[in-house]
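Copied from TrEMBL, the annotated features are:
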DOMAIN    1-52  domain 'Sushi'
DISULFID  23-50  disulfide bond
DOMAIN    53-110  domain 'Sushi'
DOMAIN    111-170  domain 'Sushi'
DISULFID  141-168  disulfide bond
DOMAIN    171-233  domain 'Sushi'
DISULFID  204-231  disulfide bond
DOMAIN    234-291  domain 'Sushi'
């Protein structure tokens with residue numbers, strides 16, 4: 001506090017003189033009297049108590065907040081900070097003075113981003129003249145191009161889109177090449193290119209069956225995954241049994257091989273002598289072996305007479321020197 005008025009210019013104060021004190025700038029009376037009196041050579045006690053003025057809250061900021069690091073009294077500061085995605089327009093601090101807070105509250109305005117640049121062989125949506133914080137653009141590529149990088153970018157707090165823009169790259173695959181004894185299952189050979197991520201299935205050729213591996217290959221970064229499918233010839237197994245004959249397998253019992261039927265001596269084949277191992281098993285039905293037509297057997301010979309059974313037989317009777325032919329039995 002200090003003495004009010006010009007009394008400090010005097011060297012001596014007569015008995016009964018009254019002097020008034022006043023609180024300093026930024027301070028206000030809290031208690032006591034500002035007046036002291038000179039009596040018998042002494043001043044009455046100073047009872048005035050001064051305390052710092054309190055400015056109270058500085059106000060509220062939309063999309064921001066006000067902090068008071070030391071308080072809201074004379075000489076203290078109010079610090080204004082904007083929320084993430086907003087930028088301060090105005091002074092970031094106000095000072096508590098003798099007549100209240102200095103200046104005026106600033107504003108917090110949303111961060112804006114300029115449109116991102118176009119990408120080659122691709123585009124983004126939505127397309128606008130300006131974007132605000134947390135606006136998102138989504139990228140896509142033209143046909144036969146693959147997007148490498150993030151599909152989306154976001155307007156960030158520093159006024160730029162993040163992350164870095166993607167690229168549209170030609171990562172298509174050529175027509176897939178089947179492995180041995182297989183072909184492409186789908187009708188896809190009208191296509192020239194296959195986009196990244198395309199899956200194609202192989203199937204074993206007719207007469208072959210899957211022995212191992214997967215029938216599926218995948219296009220990734222311009223190349224097909226390895227063909228792991230393995231196809232082997234189907235096996236028909238044994239063709240069966242032939243009575244009075246046998247079945248030979250010159251090359252085996254797999255697809256395309258032949259089974260050859262041979263009759264025993266004295267028997268004739270009735271039917272095809274060969275059957276073939278096909279996709280659904282052995283072709284046709286087995287032939288049979290029948291007894292041959294000239295297979296005659298002599299039953300007995302009595303007194304020069306031979307009796308035969310079979311085809312046309314002849315009974316020859318010895319009568320003198322001239323045999324007599326007789327017709328079939």
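The backbone N, Cα and C atoms fix where each Cβ goes, glycine too.
There are 19 other CB atoms within 10 A of the CB of residue 23 (disulfide bond), with all protein chains counted. Mean predicted confidence for the domain 'Sushi' (53-110): the pLDDT average there is 96. In this structure, the CA atom of residue 50 (disulfide bond) is 73 Å away from the CA atom of residue 168 (disulfide bond). Cβ neighbour count for residue 231 (disulfide bond): 23 (other Cβ atoms within 10 Å of its Cβ, all protein chains included).
Secondary structure by DSSP for the domain 'Sushi' (171-233): 0 helix, 27 strand, 36 coil. For the domain 'Sushi' (234-291), the DSSP counts in helix, strand and coil order read 0 helix, 27 strand, 31 coil. Of all the disulfide-bonded residues listed here (50, 204), the one with the fewest other CB atoms within 10 A of its own CB is 50. Within 10 Å of the C-beta atom of residue 168 (disulfide bond) sit 20 other C-beta atoms, taking all shown protein chains into account. In the three-state DSSP assignment, the secondary structure recorded for residue 168 (disulfide bond) is strand. Secondary structure from DSSP puts residue 50 (disulfide bond) in a beta strand. Residue 141 (disulfide bond) counts 23 other C-beta atoms within 10 Å of its own C-beta, drawing on all protein chains shown. Rounded to a whole number, the distance between the Cα atoms of residue 231 (disulfide bond) and residue 141 (disulfide bond) is 38 Å.
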